[in-house]
Amino acid sequence: MSNFPRSILLVCLGNICRSPTAHAVLQQMAQTKGIPLEIDSAGTGDWHIGHPPDERATQTASTRGYDLSPLRARQVIIEDFYKYDLILAMDHSNLRNLKKLAPADATAQVELFLPYGDSNTQEVPDPYFGGTDGFTHVLDLIETASENILARYKG
Ligand code: 4NP
């Protein structure tokens, strides 16, 4: 990311756990820092379209002051590949699916989210079938990567 993006779409599988968490965290941090950035999130799957985020994600994020309650799940659409400068996938499987979907003349750059983090981990693990600890771990990874993304902003 040599030029700072004007818009970022965050993508996971269901758009009810990881990507809405990243959506709220990145949006709120950008607002606090006065960085102009359009953020949205979406899922590669269609099971949860129209649903609010998972309660465990909402609850975990709220303990650190992030509000997921206005968000509703949607699926990635072809227009996203032209509308957003950057599309960041939470794991390799979603990255592969995004690359399959991407039109040949897509203008968005499609990459993994977590290389912006501090650890060597490449994927934000899917917390859906696990316990609440998983949601805290997801939030830790997302906060660090979001700080690092915004630190690249040069004004
Ligand atoms: P997410 O988590 O991709 O982080 O939103 C999941 C949510 C739902 C399902 C899988 C992952 N699901 O199988 O319904």
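Including glycine, each Cβ sits where the backbone N, Cα and C put it.
Automated prediction, rather than curation, is the source of TrEMBL annotations.
Panel annotation: around the signal peptide (1-24), residues 36-45, 47-48, 51-54, 56-57, 60-61, 66-68, 71, 73-76, 80, 83-91, 93-94, 98, 108-109, 113, 124, 126-128, 135, 138-139, 142, 145-146, 149, 152-154 of the same chain, lying at least six beyond its termini, place a Cβ under 8 Å from a Cβ of the stretch. Annotation comment: TrEMBL describes 1-24 as signal peptide.
Summarised by DSSP class, the composition of the domain 'Phosphotyrosine protein phosphatase I' (6-152) is 61 helix, 21 strand, 65 coil. Taken from TrEMBL, the feature domain 'Phosphotyrosine protein phosphatase I' applies to 6-152.
Within 10 Å of the C-beta atom of C12 (active site, nucleophile) sit 30 other C-beta atoms, taking all shown protein chains into account. Residues or ranges marked as active site, nucleophile by TrEMBL: C12.
Feature annotation from TrEMBL assigns active site to R18. In the shown protein chains, 34 other C-beta atoms lie within 10 A of the C-beta of R18 (active site).
Sequence-distant neighbours of D126 (active site, proton donor) (same chain, six or more apart, CB under 8 Å from its CB) are C12, L13, C17, R18, M90, D91, listed in sequence order. The active site, proton donor annotation in TrEMBL covers D126.
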